[in-house]
Amino acid sequence: MEVPSAEAILPSGATYGATSDARSSVDEETGQKTIVRRRGNKATTVAGLEEIGGFCGGLANDYRRRWQFWRSDWISDALTAKTISSALFMFFATFTSTLALGEHIKESTNGLMGLNEYLMMNSAAGMLHSIIGCQPLLVLRPTGPITLLFEKLLMFADEHSLPFWPFFAWTGIFVGLLMFLIAAFELSKYVKYLTLFTENIFATFIGIVYINDGIQGMIQLWENPAVAGDGTRVPGSQYGSEDAASKLLTLNMTIGFTALTLWLSTLQSSRLFGYRARSFLKDYALTITLFVSIFTACYLNQHLFPVTFIDTGSNGFNPTSRRTWVTDLTAISAKGVACAALAAFPVVVFFYLDQNISSSLCQKPEMKLSKGSYFHSSFACMASFNVLGPLFGLPFVTGSLPHSPQFVLSLAERDEDHQITHVRENRLAPLLCYFMIGLPLLAPSLLQSVPKAAVFGTLIFVGIDGIQSTQLYERCLLMFTDARFVPKRSVFATVSLGTIQIFTLIQIGLVVACWMVNTYFGLYFPLFFMSLAPFRRFLIPWVFSQKDLETLDHSLDEADQSAKAPGLNRQSSIYKDMSP
C-alpha cells in the first residue's frame with residue numbers, strides 16, 4: 001500500500017471572497033457541475049457545492065450522480081488488494097483513538113457512557129454509511145469534539161435538573177431535524193467562506209482540549225486509589241507505597257508512550273531505515289506504541305509493580321451504566337424538551353463546521369476522485385445517525401480528521417513519481433474497516449489489558465500532533481526565528497515578519513478566547529467559532545492588505561501547497577529547507 005503523504009492532503013477548490021467573473025462546466029461522466037471562478041490569473045473550482053434548487057434538490061442530485069457507480073463500488077473497484085490494505089490501515093488508525101476517547105468519556109461522566117457505546121456507534125454508523133452514503137470514504141466516528149459536546153450536554157442537563165438520557169435523546173431528534181434541513185436546502189454551499197484562519201483556530205483549540213483531557217486523566221488518577229490488573233484496589237492506603245509506585249509508573253509510561261509515538265511519527269523526515277520502513281512506522285506509530293505499552297504493562301504487572309488498566313464497565317453489548325438501551329422519551333417535561341431544542345442549535349453549528357471541513361479536505365480536486373464530490377448526502381446521513389444514536393444512548397458521529405483524507409489516499413494508485421493517477425473508490429474497504437471496529441465487543445476482556453497510560457498518552461499525542469500540523473504552529477515558530485534563517489522558498493518569505501507576528505498574535509488571542517468561552521459558557525462555544533468567519537471576512541481586511549492575506553490565509557477549498565490537513569504534518573514546512 002502506498003503511504004498517504006502529508007504534502008498530498010491539501011485544501012482545494014474555491015477562492016475565498018472571489019467576486020470576479022465565473023463560469024461553469026459539467027463532467028460528462030459523473031454529471032457533476034463545477035463552478036470555475038477567477039481571481040486575477042488564478043482559476044479555482046468548487047465541486048459538489050453548486051446550487052440545484054428546490055427542496056432536497058441537492059440531496060437527490062447527489063444520489064442520482066452516485067447511483068451509476070453502484071456496480072464498480074462493490075465489484076471492479078472493490079475486489080483489489082488495496083481494499084484489504086486500506087481497511088486494515090484505517091482500522092488501526094481509528095481504533096486506538098476511539099479506545100482512548102471511550103475510556104476518557106467513561107471517566108469524565110462517572111460511567112454514564114463508555115467504550116462499548118463508542119465502539120458500537122462507530123461500527124454501526126460506519127457500516128451503514130458505507131452502504132447508503134454517496135461518499136463512503138468520508139470517515140464518520142465519535143471524535144474528540146463529540147466527547148467534548150457530550151460533556152457539555154451533561155453539564156447543561158445537571159444545571160437545569162433534567163433527566164439526562166431523555167434530554168440527550170430529544171437533543172438528538174432536534175439536531176437531526178436541523179441537520180436534515182441544512183442538507184435539504186443545500187446550506188453546505190456556504191462552507192466556501194471558511195478559510196484557514198478559522199480552521200487553524202478550530203484545530204488548535206481541539207488539540208488543546210485533547211491535551212487537557214490527557215492531563216486531567218492523570219490528575220484524577222493521582223486523586224483516586226490505584227487499581228491492579230484484576231480490577232481490585234492496590235493493597236495499602238490511598239497514599240501507600242505500592243499505590244504511589246503504581247501511579248508513578250503510570251505517569252512514566254504516559255510520558256514514554258507520548259514520546260515514543262511522537263518519535264515514530266517523525267521518522268519519515270529522518271535518515272533512518274528505508275523509505276517504505278519509515279513510512280510504515282509513521283503511519284502505524286500509534287498502533288505500534290499501543291502494542292508495546294500493552295506487553296510492557298502486562299509484564300510489569302506480573303513481575304514488578306501493579307499497573308492500572310482500563311475497565312469497560314460491562315460485558316459485550318451491554319450499556320456501560322445500568323440502564324436499558326431504548327430511552328423513554330416521555331420521561332421528561334415539556335420544559336426539558338424545550339431545553340433540548342435550545343441545546344441542539346450550538347451542537348448543529350459545531351457539526352456544520354466539522355463535517356463540512358472534513359468533506360472539503362477529502363474531496364478536493366488533488367485527490368482525483370472520479371466519482372464526484374458529495375456534501376448534502378453526507379450531511380443527511382449524519383443527521384439520521386445523530387437521531388437514532390441518542391435514542392439508544394449512543395454518541396453522535398461526525399466527519400473525522402485527519403482520517404478522512406488519509407483513507408482516500410490509502411486507496412490511491414500512483415505513478416513512478418508518486419503522483420496520484422486515480423483512486424479505487426469503493427464501499428467494501430470502509431465496510432470491512434467498521435466491521436473490524438465492532439469485533440472487540442465480542443471479546444471485551446481483551447480491551448481490559450490496555451493500560452490507562454496508553455489512554456492518556458494517546459490523548460496527549462493526538463493533541464500535540466493536531467497543533468503541530470497547523471499553519472498557526474508554523475508561524476508561532478517563525479516568530480522566534482532569526483530572519484536570516486527563514487528559507488527563501490518559504491511561503492511566508494514575501495510577507496514582513498512584523499505582519500506575520502501580528503496575524504499570528506490575533507489568532508492566538510482568539511484561541512485563548514475560545515478556551516474562555518468553552519470554560520464559562522459551556523455548550524455555546526460553537527457559536528463563537530461560527531462568528532470567526534464574518535470576523536475574518538469583514539474585520540481582518542482592515543488590518544492587512546489583500547496581498548498579505550492571500551499568502552497568510554486562503555479558503556479551505558484553495559490549492560495552496562503550504563497547507564496541510566490536521567494530524568498529518570510531522571515537520572514544519574518552514575524549517576524543511578532551512579540551512580544556516
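Quick reminder: no glycine exception, Cβ is built from N, Cα and C everywhere.
These features come from TrEMBL:
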DOMAIN    55-225  domain 'Bicarbonate transporter-like transmembrane'
DOMAIN    244-555  domain 'Bicarbonate transporter-like transmembrane'
REGION    560-580  region 'Disordered'
TRANSMEM  84-102  transmembrane segment
TRANSMEM  123-144  transmembrane segment
TRANSMEM  164-183  transmembrane segment
TRANSMEM  190-211  transmembrane segment
TRANSMEM  244-264  transmembrane segment
TRANSMEM  284-305  transmembrane segment
TRANSMEM  325-353  transmembrane segment
TRANSMEM  374-397  transmembrane segment
TRANSMEM  428-447  transmembrane segment
TRANSMEM  454-473  transmembrane segment
TRANSMEM  493-516  transmembrane segment
TRANSMEM  523-544  transmembrane segment
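Contact between the transmembrane segment (164-183) and the transmembrane segment (325-353) is supported by 3 or more Cβ pairs under 8 Å, counting only residues 6 or more apart in sequence. Looking at which of 84-102, 244-264, 374-397, 454-473 has the most CB pairs under 8 Å to the transmembrane segment (123-144), the answer is the stretch 374-397.
A Cβ distance under 8 Å defines the sequence-distant neighbours of the transmembrane segment (84-102), meaning residues of its chain 6+ beyond its ends; these are 1, 114-119, 122, 139, 141-144, 146-147, 283-284, 286-287, 290, 310, 400, 403, 406-407, 410-411, 424, 428-430, 432-433, 436-437, 440, 447, 450, 454-455, 458-459, 462.
Remote same-chain residues near the transmembrane segment (325-353) are listed as 145, 149, 153, 156, 160, 162-163, 165-171, 173-175, 178-179, 182, 187-188, 194, 198, 202, 319, 382, 386, 390-393, 396, 398, 523-527, 529-530 (criterion: CB distance under 8 Å, separation of at least six residues from the stretch ends). Outside the transmembrane segment (374-397) by six or more residues, the chain places 48-49, 58-59, 61-63, 65-66, 105, 113, 117-118, 120-122, 124-125, 128-129, 132-135, 138, 140-142, 146-147, 149-150, 165, 168-169, 171-173, 175-177, 179-180, 182-184, 186, 188, 191, 319, 323, 325-327, 329, 347, 351, 355-356, 359, 363 with a CB less than 8 A from a CB of the stretch. Proximity of distant same-chain residues to the transmembrane segment (244-264), defined by a Cβ-Cβ separation under 8 Å and at least 6 residues beyond the stretch ends, is recorded for 214, 218, 221-222, 226, 228, 234, 281-282, 285-286, 288-289, 292-293, 296-297, 300, 305-308, 451-454, 456-458, 460-461, 464-465. Long-range contacts of the transmembrane segment (454-473) within the same chain, counting only residues at least 6 positions beyond its ends with a Cβ under 8 Å from a Cβ of the stretch, are 6, 96-97, 99-101, 103-104, 144, 196, 199-201, 203-204, 206-215, 217-218, 221, 250, 253-258, 261-262, 265, 286, 289-290, 293-294, 297, 310, 402, 504, 507-508, 511, 562-570, 572.
For the transmembrane segment (493-516), the list of distant contacts is 197, 200-201, 204-205, 208, 472, 475-476, 478-479, 483, 486-487, 525, 528-529, 532, 540, 543-544, 548, 551-553: same-chain residues at least six beyond its ends, Cβ to Cβ under 8 Å.
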